[in-house]
């Protein structure tokens, strides 16, 4: 049988290979790498191969987008081949570790998806041509998203079927095929067959039918129902909540704080997605949809104002982080969309296009979401060390509470959230301080500089954790040698043997039948620092029997109240011991509380 006749048995596969040659080859290479790693042929000791698979996936998406671009502009000359055959390999290589100092790779898949969504519709146009381009954009992305979901479902069904087959062969015939199915078949299906199936379902651009947006199928109607009767009303209600919060700020004079930035960003992203869902002509005929599309971007203005204030407060106090750069990028994206649509220059293609451009800008160069925070936090820490007079590990910092918080924030980011701690070591070395995360952690350095715990607390609420077992601490239970059981105390009562425990306002309540003992832990809570628990025991007497709790861990809430920091014990866990066996415990009239030591 000739190769031509063999391909004739699967015309869709041949047509897909002819239409998407590079993406099909990239999917095959990714599947081969996954099989090699799963079977042990390739080393998985470092992250090169996972990053290579990530790069192949990104190149696959860019390659598919390049094909759609060429189909939309068949006579465009050089840009088409560059986008279809040159850009995809370059984007894939950008995911490898060697490119990481200049390129932050982990948003490249998102950029690739956004570029894929608009790649076939780059002609701006005017009037009816522009409206048709938007309709085509919605139609193709609706088809692509639907078939992508079907491909994922098909993969899951195949995986479930493989589990059933593998178990059946093992149970009925004693054949061990686990390695073959899970190390070979599953990667091939997931990394090659499922993506190629999805490529076969992508319609050609000349298959567009304008009636698809006027007389929709069942799925389009279901999506429209979701947008009209669920998402739009929820977003209207959310807008009302944010407007009420604005009034509260104006009345009380308090500035926004907490998770407001992510709340508003989630609000505007959900609204933009709903705006896309409600684009088809059959949806725009509905009164609620018309109202939503008319006023939605106006409803984002006040929340975006709150968003800007909240993000500015955090950046001004604690500098840039990767998270805050994404917040700023999201705010710029939402503000640009609002400006375009309010000025009647709106186009639904702008929603993914602007997002892709902004994400691309913050992913490359010294201003990337990884490099810019490292530079900013290093500069802030340098200024704070100079102003605080830090010239060695034994210096006494001349910082205000706010400056101590800022220093702790910068050091924490550079030590734990940046790609590595080299920048922190360099800054501290210039001030005669050697940083070793294991031997001289941040807490040790700050304590040596005379910074109290209260100076380490950020705005709002944070938590301090203390632990005994992790540091190998021992507790003397010679006077209470009988094990009762584990103790877990919090806002709700929990039992250990005949006793019930509950925390309330830094007091541990112990109840035995009708007797109640309250143990004041305020002094103990005030004495604790991050890390090893100080004096990790609680003694008390109830019902004539002495007990000791050997604490394993505790969590203390730190909340700002004016210029002070209030502490509240929120949880403790430990082991309860008794001076006599449980069967000998007899309730008696006594029940005198002992002070926590």
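Note: Cβ is positioned from N, Cα and C throughout, glycine not excepted.
Automatic prediction, not curation, is the source of TrEMBL annotations.
Of the candidate ranges 295-313, 371-389, TrEMBL annotates residues 295-313 with the feature transmembrane segment. Distant neighbours of the transmembrane segment (20-42): 49, 52-53, 56-57, 59-60, 63-64, 66-67, 84-85, 88, 92, 179, 182-184, 187-188, 190-192, 195-196, 199; these residues of the same chain sit at least 6 beyond its ends, with a Cβ under 8 Å from one of its Cβ atoms.
The transmembrane segment (219-247) is in contact with the transmembrane segment (295-313), judged by 3+ CB-CB distances under 8 Å for residue pairs 6 or more apart in sequence. Only pairs six or more apart in sequence are counted, and the transmembrane segment (295-313) with the transmembrane segment (325-343) gives three or more Cβ pairs under 8 Å, enough to call it a contact. Most Cβ pairs under 8 Å to the transmembrane segment (105-124), among the stretches 48-69, 145-165, 180-199, belong to 48-69.
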